[in-house]
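Everything below concerns the one structure shown next.
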């Protein structure tokens with residue numbers, strides 16, 4: 001009874017923190033959209049300076065909000081069967097990857113088409129961001145092959161799981177770091193009298209602090225042992241059947 005009570009209480013705490021995490025994530029996307037719409041000239045694909053604005057918006061959606069939700073999907077929907085969760089996890093990752101590709105096209109185009117052209121990949125933001133994207137992409141490919149591709153033996157999947165979890169979380173942390181560096185870089189170049197904290201600077205700083213909160217909440221929810229998803233009877237039966245068929 002005590003263990004059951006602790007489990008119920010732990011899940012109640014998880015639901016509260018999970019809801020807060022979602023609210024923070026949505027707020028980040030809304031504030032980034034407001035920053036772009038009010039202070040950076042909006043969105044478009046015909047002028048390099050405006051085309052760039054797709055980059056922070058789609059990166060916030062893809063590499064931050066969707067990436068974080070993809071990581072949390074197993075714990076947020078703990079009573080769903082594992083196979084649909086795998087498909088959902090892969091689908092969210094795929095959508096995040098699509099947003100990321102368009103975001104990268106936008107930033108490279110905005111640099112290359114500017115007059116004079118702006119150099120690419122010269123800043124710490126770009127290096128950390130590209131590391132996050134490469135790691136995210138590799139995780140997606142190896143995860144898809146390991147857990148959705150038929151014929152992979154269960155012991156191999158189990159062996160790879162800690163690696164998949166670690167590098168998936170590392171990629172997310174790198175994405176948060178890259179976003180913070182990108183915010184600082186953009187603020188430095190686009191906000192006059194930055195040290196006086198005009199409205200755009202306050203907004204950028206708020207987005208940065210919320211990124212830290214969102215990242216911290218996602219990492220905590222994923223690493224807290226008490227919030228780990230317990231295997232369902234269907235999962236155990238599936239594993240047993242898979243092992244016996246091999």
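Placement of Cβ uses the backbone N, Cα and C atoms for every residue, glycine included.
Where the annotation comes from TrEMBL, it is an automatic prediction and has not been curated.
Per TrEMBL, the features are:
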type	residues	note
DOMAIN	20-223	domain 'Cytochrome b561'
TRANSMEM	16-37	transmembrane segment
TRANSMEM	57-77	transmembrane segment
TRANSMEM	89-108	transmembrane segment
TRANSMEM	128-149	transmembrane segment
TRANSMEM	161-181	transmembrane segment
TRANSMEM	201-222	transmembrane segment
Range from 57-77, 128-149, 161-181, 201-222 with most C-beta pairs under 8 A to the transmembrane segment (16-37): 201-222
Non-local residues, at least 6 beyond the ends, that sit with Cβ under 8 Å of the transmembrane segment (57-77): 14, 18, 21-22, 25-26, 28-29, 32-33, 36, 43, 85, 88-89, 92-93, 95-100, 102-103, 106, 129, 132-133, 136, 168-169, 171-172, 175-176, 178-179, 182, 211, 214-215, 218, 221-222, 227-229
Long-range neighbours of the transmembrane segment (128-149), counting only residues six or more past its ends (CB under 8 A): 59, 63, 67, 86-87, 89-90, 93-94, 96-97, 100, 104, 121, 156-157, 160, 164, 167-168, 170-172, 174-175, 177-178, 181-182
